[in-house]
Amino acid sequence: MARGKAKEEGSWKKFIWNSEKKEFLGRTGGSWFKILLFYVIFYGCLAGIFIGTIQVMLLTISELKPTYQDRVAPPGLTQIPQIQKTEISFRPADPKSYEAYVLNIYRFLEKYKDAAQKDDMIFEDCSTVPSEPKERGDFNHERGERKVCRFKLEWLGNCSGQNDDSYGYRDGKPCIIIKLNRVLGFKPKPPKNDSSETVEIYSTMKYNPYVLPVQCTGKREEDKDKIGSVEYFGLGGYAGFPLQYYPYYGKLLQPKYLQPLLAVQFTNLTTDTEVRIECKAYGENIGYSEKDRFQGRFDVKIEVKS
């Protein structure tokens, strides 16, 4: 029995290192060198093929503009303050109840302050009235970075924070700031003023062919009587986004780009009642989706507590 164990142990040790044949794990040094060389060459070739494939693919992709944009969804419409569950609830007499909303708006608007738009090499004045889209050449590096239109805080009126640092929340007249999300090369097409839908829209706001209109209304029938009056503050006094701020050329060509903003103030919401509000952009190339609640529109619930 002991002799059998010794024999088994000896064969195991001999497999690891055979001193007679100079073999390690059943292979000589030359054999190990050949097999290692084979795998180095094999995996090196695989890595080369992979890297070559990636390089060829990268040659077809522009770092400035997506090659295919036909399936890019229309831009989303979002509001500031950005809040969870899109619910704003506060008590005007309690600053703590609306502090987070005010701080959110303040931080967002910091880049729109005059001090942040002083550099004339980057920013330019693009008129105080809406005008046609401002083309800035092709999507390439030949002209370097493209200039950006200035957007002045004063155009946001009561919601600019210049005269009321609570953005209306202290008085129970909350403001929200609306923006159209950035989509590379997107040029909004305002609706023509000849359909039944646009006639209804423009019955409550000024029409301009160079403004993409936005309207905020009660979402449900019971909300329409509770929303009260709605005031809009934007460039030129129009309720929408002026076209001269489009198209957007991307972070590489327009790193300091400022989206045009629209401020909306609800001046006499019914108190102690949750009012559901829908804000919606209207345009020929603005779409809506039940799967994406922010595509071209958004809902927000506001409750002003007494």
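The backbone N, Cα and C atoms fix where each Cβ goes, glycine too.
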Per Swiss-Prot, cysteine bonded by disulfide to Cys216 (from Cys159, Cys175, Cys279): Cys279
Second cysteine of the disulfide that Swiss-Prot assigns to Cys175, among Cys149, Cys159: Cys159
Cys149: disulphide-linked cysteine among Cys45, Cys126 [source: Swiss-Prot]: Cys126
Inter-residue Cα distance where the pair is Tyr101 (phosphotyrosine) and Ser11 (phosphoserine), in Å: 78
Cys149 (disulfide bond) to Cys159 (disulfide bond) - Cα separation in whole Å: 20
Residue counts (helix, strand, coil, in that order) that DSSP gives for the region 'immunoglobulin-like' (191-306): 21 helix, 38 strand, 57 coil
Distance, Asn158 (N-linked glycosylation site) to Tyr101 (phosphotyrosine) (CA atoms, angstrom): 16
